[in-house]
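See below for the structure under consideration.
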């Protein structure tokens, strides 16, 4: 099975990228983040002829996630059980019958957080990671495999930072989000739960592979970016991981998202 995660940065703006992903990679499951469209206005004309079941959890103008699956899921869940009616639309889950067992797929657009000093955005990021952790520990049956994918907005190690050492130091000094010690501690709890980074499993020392590139500074042109999009899997799946990648060819298209899709394949 092949899984692709892509922060599309506006579904209506980038149907050409979604179509190219499907044509080239033929994934079984696609997780989209930042679709920026309300559920009642979802553009089914973009997705109806692609060969997928389509599920979404969105709001007008911001955030929003979607799952596209070749097979019909047994269950779809939108949001965390602890979400209130004002919660941002950032997470969607599906249970799929697979050769690996009953697989829970969690697709998330994790808060960016802005900076340690931000009064609302930084605590919101911490809460989102805590809500995910609580969901895993209280709701998920660990005997079943699980895959978490999305724009997680954290660079887990210094290998995942490609913005230059001066910028790295400045971001840390000013408390800018992506690789703060607190963020890495939240992320580490996912590893402690038993999840593995599919990309790192097959590329343990790669330090030049990134999934996000800043528009304004034209970071894509000289490979200046961050690896903040991830596919994390439980051990049973990690053992079956045969290939991973970052689809830079899709990022190189006209009118692209600032993120590149990432993918992982399991056999």
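Cβ coordinates come from backbone N, Cα and C, glycine included.
Per Swiss-Prot, the features are:
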BINDING   34, 258  Mg(2+) 1 binding site
ACT_SITE  109  active site
ACT_SITE  151  active site, proton donor/acceptor
SITE      153  site 'Transition state stabilizer'
SITE      229  site 'Important for catalytic activity'
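Feature annotations (Swiss-Prot) mapped to structure.
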{"residue": "34", "record": "Mg(2+) 1 binding site", "Cβ neighbours (10 Å)": "23"}
{"residue": "109", "record": "active site", "Cβ neighbours (10 Å)": "26"}
{"residue": "151", "record": "active site, proton donor/acceptor", "Cβ neighbours (10 Å)": "30"}
{"residue": "153", "record": "site 'Transition state stabilizer'", "Cβ neighbours (10 Å)": "25"}
{"residue": "229", "record": "site 'Important for catalytic activity'", "Cβ neighbours (10 Å)": "25"}
{"residue": "258", "record": "Mg(2+) 1 binding site", "Cβ neighbours (10 Å)": "17"}
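Using CA atoms as reference points, the recorded positions 109, 151, 229 were checked against residue 34 (Mg(2+) 1 binding site), and the closest is 109. For residue 153 (site 'Transition state stabilizer'), the recorded positions whose C-alpha atoms fall inside a 10 Å radius of its own C-alpha are 109, 229, out of 109, 229, 258. Comparing CA positions across the recorded positions 151, 229, 258, the one lying closest to the residue listed as 'active site' turns out to be 151. A separation of roughly 12 Å, to the nearest angstrom, links the Cα atoms of the residue listed as 'active site, proton donor/acceptor' and residue 258 (Mg(2+) 1 binding site). Across the fold, the C-alpha of residue 258 (Mg(2+) 1 binding site) and the C-alpha of residue 229 (site 'Important for catalytic activity') stand 12 Å from each other.
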